[in-house]
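Feature annotations, courtesy of Swiss-Prot:
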- N565: N-linked glycosylation site (CARBOHYD)
- N569: N-linked glycosylation site (CARBOHYD)
- 1-407: topological domain 'Cytoplasmic' (TOPO_DOM)
- 429-445: topological domain 'Lumenal' (TOPO_DOM)
- 467-543: topological domain 'Cytoplasmic' (TOPO_DOM)
- 565-574: topological domain 'Lumenal' (TOPO_DOM)
- 596-614: topological domain 'Cytoplasmic' (TOPO_DOM)
- 636-668: topological domain 'Lumenal' (TOPO_DOM)
- 690-785: topological domain 'Cytoplasmic' (TOPO_DOM)
- 829-873: topological domain 'Cytoplasmic' (TOPO_DOM)
- 408-428: transmembrane segment (TRANSMEM)
- 446-466: transmembrane segment (TRANSMEM)
- 544-564: transmembrane segment (TRANSMEM)
- 575-595: transmembrane segment (TRANSMEM)
- 615-635: transmembrane segment (TRANSMEM)
- 669-689: transmembrane segment (TRANSMEM)
- 786-806: transmembrane segment (TRANSMEM)
- 808-828: transmembrane segment (TRANSMEM)
Amino acid sequence: MGSLSRSEEMRFCQLIVEKDAAFNIVAEIGKQPYVQFKDLNPNVNSFQRTFVKDIRRYDEMERKLRFLESQIVKDEIVIPGRVDTGDYTILPTSELNTLEGTLTELEKDVKSMNDSDSQLKANFMDLKEWDAVLDKTDEFFQGGVDDQAQEELENLDEEGAVPRVEKGPVNYLVGIIRRERLNGFERVLWRACHHTAYIRSSDIEEELEDPGTGEKVHKSVFIIFLKGDRMRSIVEKVCDGFKAKLFKNCPKTFKERQSARNDVRARIQDLQTVLGQTREHRFRVLQAAANNHHQWLKQVRMIKTVFHMLNLFTFDGIGRFFVGECWIPLKHVEDVRKAIEVGAERSGSSVKPVLNILETSVTPPTYNETNKFTAVFQGIVDSYGIATYRELNPAPYTIITFPFLFSCMFGDLGHGCIMLMAGLWFVLREKNLQARNIKDEIFNMFFGGRYIILLMGLFSIHAGIIYNDMFAKSFNIFGSGWKNPYNASEIEGWINRTEHGKEMLVELAPEDAYDHAGGPYSFGVDPIWNIAENKLNFLNSMKMKLSVILGISQMTFGVILSFFNHTYNKSKIDIFTVFIPQMLFMGCIFMYLCLQIILKWLFFWTKEATVFGQIYPGSHCAPSLLIGLINMFMMKDRNAGFVVDGGKVNGEYREVETCYLSQWYPGQSVIEMILVVIAVICVPVMLFGKPIHHVMQQKKKAKELHGNATVRANVVSDSSEIVLNGGSKKEGAAHEEHGHGGHEDESFGDIMVHQAIHTIEYVLGCVSHTASYLRLWALSLAHAQLSEVLWHMVFVTGGLGISGTAGFIAVYVVFFIFFVLTISILVLMEGLSAFLHTLRLHWVEFQSKFYLGLGYPFVPYSFKTALQEAEAA
């Protein structure tokens, strides 16, 4: 927990390595995520850096690999393995040169095969079209279409309905066109030829493959009868405009067409054989490439990252050594030293690399070491803001509080089970799903949050049991603490009154109907409340008070955590002027309210009793906490006790009018007055405490500096310098002593404004944030009501109201509808809503009490991370 509760200690280091060993050393460092390099050449353009040529070389190799990958995917060949797994050792230079040559030859071969395949497919397409044209032409002539065309053209010529056509025999053109263009083609041709062309068409049943795009297309064969060369020219231009292909050498006789058809089909068969062999060869080549693709890509990308890191280094004066600066977690410094030594040995360097730890005033990056379980919770915190260096990390507490607050809003046993099963499915199939390398963004979002889904489902089951709620129904495990106090004659009387039109209202008074001897219900909510008319009144009151208690508890816990930050920073002024006043303010008002809620639950029951030494007549005198809180701030006088002094009159107590507004424990007004005064005093302490302390410290340091600077006039300059330097050291010590406060370099005005903002934010935030926690009650109410409405709308009104065989079938149909609506609305939509509200409660209400989040992340150089990012891009 140590590394997660507070970020790791960091060290700023300088790395000096020999030029020839730099590559292997950086490559060895990249095997573990321990080092974040600093760019020592910020003003140098990325295209002018030392290793830009090497990066371009491997960029070209990566481009070739991406081309091969596109061809492999196009042929639906599976690429085994993952890029970011396995060994991260870089191949020797000779093997990398061989790989470069292999990729060049592969790209050349695949492109050559693509060109050859495209040409073969184009020839195959031409032959298939020619075969279809020959078949359809026979069909046209067998149907007597030539005689019909001759007759129609001659009739048009004799009637003079259109301009006269040229003399001569009737000719025809045969062609092929895409089916979707046929209608437009016929209309344009009819108008362009002034109704003097006769056209007929027929669809080709077989789908043809476009050699350019590979898509399946539908085409039609057409035949056009016309007279004269002029009309032929017009037709050819229209065909060209519609990208229709004409076959001008179509045989005139059936015998010639039959001979041509036999020749075409023989050539088609030969081409199919050649295409099959070409595909087999292409498949073998791409399959071999696919088996090695991830390893090749991994090597190329790792080498690129090494050169990118080397571009962050600078040279020494003689150009023999590389100098780099980096951040390293303190506990991994020795691991990095070992990695550097291994890299130097691998390169055969005779000069031992040097790793120096430097002093710096720069704030280190924040590094919280996580695993696959804690990473999602750390991600939730980091989404709001990266923790300031060595600041207390909210993530360990979020692991419990986040799913718990979610379950308060999503508390349903049935819905929790669904969410739990979804989380379990992701967790149990974790390795299998990772190996499939699914790139769908929504899926990866759910998969990344698999552990938080699991916990939210588990906690929702717990909350559902407490609420006694499962798909809007209660379950009776421990029986009910309520009983029927009425006899048969009383029930008969109610039934008779109901039959006479009078409204019957059966009321179970807790004085008589509840089993007081059995104590509170064993666990959760009594199931009888599910059928009660005043169910919402009871549940709303309970959940509202629970929300207030949980909210104030979490905010108080946040304030307590701020104490550990102040202690770690050795800032006593923050403890006395921030933490203590904040705790007193929170305790005097809000923790006091929580105490009142709990005491009211414990002591103010339905029966007459003595509470805190005062006579309590019954539930109608239970104190009103809301009005009591208002009276507390107004310091309004209230009656002491619930009954009038003087005891009983006629055997009964004389109750105070509006007894629920009375003081319910001795000295309540005085105690509450003291609490209000303390809370009010805390505000100016928070507002002026640190600014006043700052002024006092400035005066003290100025006085010390003035005293140290007093030097006798006759002292030699060297001695004077020593005295003055001593004063500077004292000043630096004072600066160091109070440096953790964070305000020593700020002016009084800046600190005053800062404190004013934070004081106002805290005081108003305590009120607004407490109200904000009421969303726990509001969303729980909305979820329960929506679940109940869905149950009644689907089951009661729908399937369960139908009898007979139809009802038997309807139950299955209605259950399917209920299941779909439950998953889509009550689990996904309501779950997302509760998740976002829980996110807000943690980011604002909880973390604002102690978390600054002003840091920047530690981004270590790592082969695994670089490969994962490149794969996701």
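Note that Cβ sites are derived from N, Cα and C of the backbone, with glycine treated the same way.
Among the listed stretches 575-595, 669-689, 808-828, the one sharing the most Cβ pairs under 8 Å with the transmembrane segment (544-564) is 575-595. When averaged over the topological domain 'Lumenal' (565-574), pLDDT in the model lands at 93. Contact between the transmembrane segment (669-689) and the transmembrane segment (446-466) is not supported: fewer than 3 Cβ pairs lie under 8 Å, counting only residues 6 or more apart in sequence. Here the transmembrane segment (446-466) has long-range neighbours at 372-373, 376-377, 379-380, 399, 402-404, 406-408, 410-424, 426-427, 430, 433, 438, 523-525, 831, 835, meaning same-chain residues at least 6 beyond its ends whose C-beta is under 8 angstroms from one of its own.
Around the Cβ of N569 (N-linked glycosylation site), 17 further Cβ atoms fall within 10 Å across all displayed protein chains.
With a 10 A radius on its CB, N565 (N-linked glycosylation site) counts 19 other CB atoms from all the protein chains. Among residues of the same chain six or more beyond the topological domain 'Cytoplasmic' (829-873), those with a C-beta under 8 A of the stretch's C-beta atoms are 7-8, 10, 26, 29-37, 83-84, 88, 298, 301-302, 305, 309, 327, 329, 363, 365-367, 380-382, 384-389, 391-392, 394, 398, 401-402, 405-406, 409-410, 415, 419, 437, 439, 456, 551, 554-555, 557-559, 561-562, 565, 582, 761, 765, 769, 772-773, 775, 779, 782-783, 786. Long-range contacts of the topological domain 'Lumenal' (429-445) within its own chain (CB-CB distance under 8 A, at least 6 residues past either end) are made by residues 82, 871-872.
Long-range contacts of the topological domain 'Cytoplasmic' (596-614) within the same chain, counting only residues at least 6 positions beyond its ends with a Cβ under 8 Å from a Cβ of the stretch, are 509-511, 514, 516, 545, 548-549, 622-623, 625, 628, 641-642, 664-666. Sorting each residue of the topological domain 'Lumenal' (429-445) by its DSSP state yields 12 helix, 0 strand, 5 coil.
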